[in-house]
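Worksheet: one structure, shown below.
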Amino acid sequence: MSNGDIFLGELIGTAILILFGAGVCAAVTLNHSKAKASGWTVIAFGWGFGVLAGAYTAAPLSGGQLNPAVTIGIAVDTGNWDKVPLYLLGQMVGAMLGAVLAYLVYLAQFQANVRKEGTTKGTVDEPTATLGIFSTIPEIRNPVANLITEIIATIGLVLPILAFGLTKGLGESGTLVLIVSLLVVGIGLCLGGPTGYAINPARDLGPRIVHSFLPIPNKGTSDWSYAWVPVVGPLIGGALSGLIYNAAF
């Protein structure tokens with residue numbers, strides 16, 4: 001794979017991932033959306049479909065890692081760090097692009113996020129905080145507990161990827177993409193409750209940056225005081241996965 005292929009593949013694949021993921025969050029969250037209040041299960045499957053579409057698209061170019069935690073886990077296990085910066089750069093740029101695309105899809109709903117005269121709490125015209133569409137927000141803010149959650153959930157993603165992809169040869173066949181997509185759905189349903197399951201630093205940081213400058217009415221804060229948790233936690237989880245796989249398998 002050339003440097004250009006790696007960068008372009010990760011950019012396009014991650015953009016598709018975030019388009020689907022932020023898109024489903026917008027669909028469930030925003031007022032005047034036909035999918036408003038569809039629930040957590042819809043969000044989990046939406047992110048899973050995003051992984052499926054993004055990874056399949058990127059696989060011929062870059063292998064479709066789409067996640068710095070996965071990239072770090074593979075590098076720790078194999079000892080090959082040469083292309084890591086290219087992967088990370090493509091993933092971050094792609095995550096930001098995907099967030100912008102999701103915003104454009106729901107542009108009318110975002111622009112309608114204003115308080116109208118006579119609006120009362122709980123009505124369709126009450127403004128909605130929008131950060132949760134783009135990035136994760138813990139249900140209970142406890143940085144240590146939130147960090148532990150993200151580390152464990154990321155190990156639950158990256159360690160199986162290493163096991164299936166590297167030992168079973170499924171990466172080239174495409175079967176790994178389907179497995180990982182279902183795995184992301186499962187993590188969302190089973191482990192996503194406490195923090196919203198970033199399990200991917202680019203997935204959280206890129207859209208959070210975009211949220212900070214998008215002209216969304218009543219968008220609320222971008223919550224930079226929490227932003228380190230969904231970055232550091234998955235990176236630690238990815239590195240630990242590489243160490244565990246290398247030592248145990």
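Cβ from N, Cα, C; glycine included.
Here the transmembrane segment (6-30) has long-range neighbours at 36-39, 42-43, 45-47, 49-51, 53-55, 57-66, 83, 86-87, 89-91, 93-95, 97-99, 101-103, 105-106, 109-110, 113, 128, 130, 132-134, 202-203, 206-207, meaning same-chain residues at least 6 beyond its ends whose C-beta is under 8 angstroms from one of its own. If you look up TrEMBL, you'll see 6-30 (among others) marked as transmembrane segment.
Remote same-chain partners of the transmembrane segment (37-59), defined as residues 6 or more beyond its termini with a Cβ less than 8 Å from a stretch Cβ, comprise 9-10, 12-21, 23-25, 27-28, 65-66, 171, 174, 177-178, 180-182, 184-185, 188-189, 192-193. Per TrEMBL, transmembrane segment is recorded for 37-59 (among others).
What TrEMBL lists as transmembrane segment is 86-106 (among others). Only residues 6 or more beyond the boundaries of the transmembrane segment (86-106), in the same chain, are considered here, and those with a CB under 8 A from a CB of the stretch are 3, 6-19, 21-23, 26-27, 30, 33, 62, 65-68, 71, 133-134, 202-203, 205-207, 209-211, 214, 216.
Positions annotated as transmembrane segment by TrEMBL: 144-164 (among others).
What TrEMBL records for 176-199 (among others) is transmembrane segment.
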